[in-house]
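What TrEMBL records for this protein:
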- 77-305: domain 'GPI inositol-deacylase PGAP1-like alpha/beta' (DOMAIN)
- 695-940: domain 'GPI inositol-deacylase transmembrane' (DOMAIN)
- 615-634: transmembrane segment (TRANSMEM)
- 662-680: transmembrane segment (TRANSMEM)
- 692-716: transmembrane segment (TRANSMEM)
- 728-751: transmembrane segment (TRANSMEM)
- 757-782: transmembrane segment (TRANSMEM)
- 846-865: transmembrane segment (TRANSMEM)
- 880-897: transmembrane segment (TRANSMEM)
- 904-922: transmembrane segment (TRANSMEM)
- 928-948: transmembrane segment (TRANSMEM)
């Protein structure tokens, strides 16, 4: 019964995982990015790089259009330089959208203040999954920076580096890992990383990635102060302190680099595209490079820092770090933070209309505009809780520095109380996302303002004279009445709950405080439904604030919709609760509703998005769990025979995989070891991966389900598709003479040692990953041939028994059968009837390990194939050493009649258990370590088959007598 439950749950987990992958790839959030269009054909002019002959695969290009191309070809550059660095598999042509918009802006400026865009061609290499070329790319990027400086006449020009994906990490590396002692960082004003894995890579598939990240971390730690949120700009004088580092993430639509990987401890500012003013939406990994809303904001930010340099028409970037940080905050965080706010604002009552309304909540629309500037007065009443908070919003009005202020209304003009001057509150302005109008709002604590200055009496909202339709709304309320506490449901609870049945049409603001949400996969779906609207169209703005994740505030807005759903989740795990803090930090969700509409608000736990986020964040740990479960199943296969039994028997892999014992042991023991091993300093530290128990169970079930499905598929392939597979292999061999192809395939069956030597030659002359893929194909041929022998033996014995019962034994047939059995003994062990099936059971888990090793090294194979034009052998090759060791072991295992009837299988089984725990504790994040875990398993099994002593002679004679 438990076995059946395990099978069902494993298959359900696999289906859920596939569903989550489909949700990630298909749809979570609508793509509302607008396309970036061009006016002229793009031109990419190649710039020769001094010293670039060492890197024939790479190149440097300058972007231009139209008549500007002539300037570029003449090497006449006068703008502020920007160097774009593409990411993994990215093209240098991805700079087109950024550069084209910047070029149009420069032409509009009469080519005065403008940007010169350059782009690096890195051969579209998959540096995100293969780290062998990261150092070469960094060295070439350094040469490009030096070449750009020479293009500007060697003057002290400072440039900005814009890196997408892994290109952002390369930009961070080049300023810290400069060769020959050259100070590259003095030529770089700042770095903007877009959807880049900063402090941790997406997956560590080879040790080159780990070494690259470690060296960058060491260099930045030594040369850069760690940015403290809210603190002043560091002034310690370290070499990298004067460099601006801005990190930007794509949000929930980016399924490659999720939110938590895009920030850096060294960043001066972190933002997500969904909280950048005038962007307000999540972008996928590639869309970030052409999304018009984001491209415009990025170029505005860069243009804001252009300043005149030496020479009449020469421009560069500002030198002052504080100025750059202020501009970054203005364009990427708070658009009103960079405005100069005077100490006080002078009013002109004769040109203004002063109105004081005693209503607490109201909305006014002026479709024809305003003929006079209007000043709306909201009174400060300190002792009444219902007058505690003010939510004000203006639509389609100019937001100058004086639109929101506070004053002491003691003067009178034409029977109206007025203020001659007031103090600006523009820094309290909160941008409100909208795709149609200019919207701004503010949330003020009126009691706090009164305590700050008891003389203040009114908050002023100033709307200037305009012919455009304008609207403003005022909502004064008691925060206790608009604050709702919500608890995260348990993992098994997906019921819908109602927060607010019928909100008043005057209510424009509610705040939800969500408790119990600490893990990144936990997701709440917030449903907002407009029940009734009074001649207005519903518009909802939701802001999600995660207190422990600075820069991750998320805005979601929906216009002209009667109902919408917003997903709430923490982008990074709550460090306060995991660190043992007694006070839990609550996620705050601010809901801004349209006045005049009544809403119903419900929430539920979202299974769809939760599974999608588990797939996105934990897909990389699946191989470690597959290896661990496979080794535990192999252990069960090898321990089904008593050590004193006369003959060794291997159990079935399918039966061992479906036993729940391995799953329970792996979960329980790894959890205990994860808590106790850190106490021993002599033991290497385990991976710092805090996986929730629920997610661990799902991952284990998915791994078990994948292994079970793969095992059944392999048995089906061996049983029904062996002949078809032989034909495919013959096609792949494609020798000119058909008889030679058949002979070659026959050699695989008869001389496996020669095939192993050939595979070793492939590994040395091409790539280790290629040899492992070929080894998996050869292994499959050997397994299918062993199954054919088993079927022949089974059919022969069955037919002989039937003939003996019906007609009696025939001496001639008996002798012929004995001869056939002697011929088969050249390749199979002589332990008992049905040895071929035991051979398959023994080699099946080894075949899976070879297959998994080949899959893990597919990035090396792709890189080798992509660079075959430049070099026949992959250098460096992270798959070479594991491939050589495994192939040597396979040469022995294929040549010997394995499994042999020897002692010591229980020792091998114990090693398999140890390596299973090692795979889970040390190889989930550092995936490349699985190569060496598999190598250890193969070496141990091979040595055991060679040197283990045979069973006692009496047992051998007993076996021969049975035969």
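Residue positions begin at 1 at the first shown residue.
Every residue, even glycine, has its Cβ placed from backbone N, Cα and C.
Counted as Cβ pairs under 8 Å, contacts with the transmembrane segment (904-922) are highest for 615-634 among 615-634, 662-680, 692-716, 846-865. For the transmembrane segment (615-634), the partner stretch with the highest count of Cβ pairs under 8 angstroms, out of 692-716, 757-782, 928-948, is 692-716. Sequence-distant contacts of the transmembrane segment (880-897) (same chain, at least 6 residues past either end, Cβ-Cβ under 8 Å): 752-753, 755-757, 759-760, 763-764, 767-769, 771-772, 775, 779, 782, 827-830, 843, 846, 850, 853, 857, 874, 931-932, 934-935, 938-939, 941-942, 945-946. Non-local neighbours of the transmembrane segment (662-680) in the same chain are 6, 625, 628-629, 632-633, 636, 656, 686, 693, 696-697, 700-701, 704, 916-917, 920-921; each lies 6+ residues outside the stretch with a CB under 8 Å from one of its CB atoms. Confidence over the domain 'GPI inositol-deacylase PGAP1-like alpha/beta' (77-305), given as mean pLDDT on the 0 to 100 scale, stands at 89.
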